[in-house]
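Peer 1: Got a structure for you, questions after.
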Amino acid sequence: MTDKGLTDEAASAACKEGEPITQDYMMQQTMLRVKDPLKSLDFYTRIMGMTLLQKIDFPSMLFTLYFLGYEEKKEIPTDVKERTAWTFSRRATIELTHNWGSESDKNLSLHNGNSEPRGFGHIGIAVPDVYAACKVFEEQGVTFVKKPDDGIFFSLFFSLSHIILCLCLG
């Protein structure tokens with residue numbers, strides 16, 4: 001590795017064929033911890049246009065999971081067991097995890113990974129028109145980290161509390 005990262009050749013050489021069993025694997029979800037589920041659900045559904053696929057409570061462990069994605073509401077099964085199987089068969093969902101009571105914990109701060117120590121960066125969502133999305137977000141009072149023409153990357157970064165989302169042309 002160089003101080004500029006891996007060469008194309010080194011990156012290709014590092015990638016190997018997966019075991020045959022992995023052929024049916026898929027990226028199913030990214031989990032994000034949220035402090036205020038009402039604010040987060042409003043943002044991901046009303047602003048981002050996602051659909052709540054399923055809510056699962058874990059009373060004995062004091063947390064709730066909210067699964068969201070870009071699916072048609074009419075396709076979501078009403079039977080709980082069918083809905084669970086269906087939810088876990090969707091590609092690229094967001095799982096919002098809310099630990100009960102965190103919304104009133106004034107000392108709780110969730111780290112976004114974009115300040116030290118760095119880690120998680122952002123969630124990418126493809127949109128047909130970044131400028132149109134930007135206009136809608138501005139009208140909704142969304143706080144921007146970066147707008148489409150700021151900097152060297154043509155994309156839009158904005159923040160919901162602690163998570164940075166990146167919109168790219170789809």
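Glycine residues also receive a Cβ, built from the backbone N, Cα and C atoms like all the rest.
Caution: TrEMBL annotation is automatic and unverified by curators.
Remember, it's a predicted structure, so these values are computed and weren't measured experimentally.
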Peer 1: Given that TrEMBL lists GLN29, HIS122 as binding Zn(2+), which residue among GLU9, GLU95, GLU103, GLU139 does it place in the same site?
Peer 2: GLU95
Peer 1: Let me know how many other Cβ atoms fall within 10 Å of the Cβ of GLU95 (Zn(2+) binding site).
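Peer 2: So the number of other Cβ atoms within 10 Å of GLU95 (Zn(2+) binding site) is 19.
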Peer 1: Translate the DSSP assignment of GLN29 (Zn(2+) binding site) into the three-state scheme.
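Peer 2: DSSP assigns GLN29 (Zn(2+) binding site) to strand.
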